Amino acid sequence: MLFFISFLLGLLLGSFYNVVGLRVPKAESIVAPRSHCPSCKRTLTATELIPVVSYVLQKGKCRACSARISFVYPFVELSTAMLFALAPLFVGWSAEVVVSWTLISLFAIVFVSDVHYMVIPNRILLFFAPLLLIERLWFAPLTPWWDSLLGSIVGFLMLFIIALISKGGMGGGDIKLFAVIGLVLGAKLTVVAFFLSTLVGTIFGLVGMAIGRVKRGEPMPFGPAIAVGTMIAYFFGEAMIEAYVNVMM
Ligand SMILES: [Zn+2]
């Protein structure tokens, strides 16, 4: 039952995060006007706003003008829902669930903005950074508690230095995002998150080139890879480090 409620909550929030991720970079209100078809500008009816279901029933097309609806919408809705439902299974029904749901929410919005505009909005980071800091210092602290602050510094410096060396391979948004990730994961797992993100980014790039969506040398958003890499590190990082140490011993 809790699993089902978490899934539904994720589905509804995921739908909202699509709107947030699309509108915040353009400095538009996230409540008004109501959602409309970007092609024919028609305001969507209630039945067209049901997460995932509308997309499937309409076969991914606008009912009026038949314009293709981006696959990003149902993907973000479904991923948010599945992660919301799975998180408690990984971290247990504890205060940590709130932290994981907050982190998933941040990544859902970052994913939408970065895929559509190649931007990770400052306003989103400025909203989530204090929220996650409060959660980490107040009701779901790391041990030791200051690992949050250390993680944030490590995340920021690591990406900042790589941005300097790679000259433009890393955007300012990616650097700031990793400072926020550090708050949640702590120093050690933030390093793991970075390596997994670059690995996932490489895979995305190769797949993108294979299916002809990405051209060699063309910039591509790093946000989606950071989201995937960091969630893996967050849920499985400790187990991965343990397995690695065991192999090395
Ligand atoms: Zn339309």
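Positions of Cβ are set from backbone N, Cα and C atoms, glycine also.
Quick look at what TrEMBL annotates:
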type     : residues : note
DOMAIN   : 8-87     : domain 'Prepilin peptidase A24 N-terminal'
DOMAIN   : 102-206  : domain 'Prepilin type IV endopeptidase peptidase'
TRANSMEM : 81-112   : transmembrane segment
TRANSMEM : 124-142  : transmembrane segment
TRANSMEM : 148-165  : transmembrane segment
TRANSMEM : 177-210  : transmembrane segment
TRANSMEM : 222-245  : transmembrane segment
So which residues does the transmembrane segment (222-245) touch in its own chain, when a touch means Cβ under 8 Å and the partner is 6 or more beyond its ends? 83, 87, 90-91, 100, 103-104, 107, 110-111, 113-115, 120, 170-171, 173-174, 177-178, 181, 184-185, 188-190, 192-201, 204
Using DSSP, what's the helix, strand and coil tally for the domain 'Prepilin type IV endopeptidase peptidase' (102-206)? 89 helix, 0 strand, 16 coil
What are the helix, strand and coil residue counts for the domain 'Prepilin peptidase A24 N-terminal' (8-87) according to DSSP? 44 helix, 4 strand, 32 coil
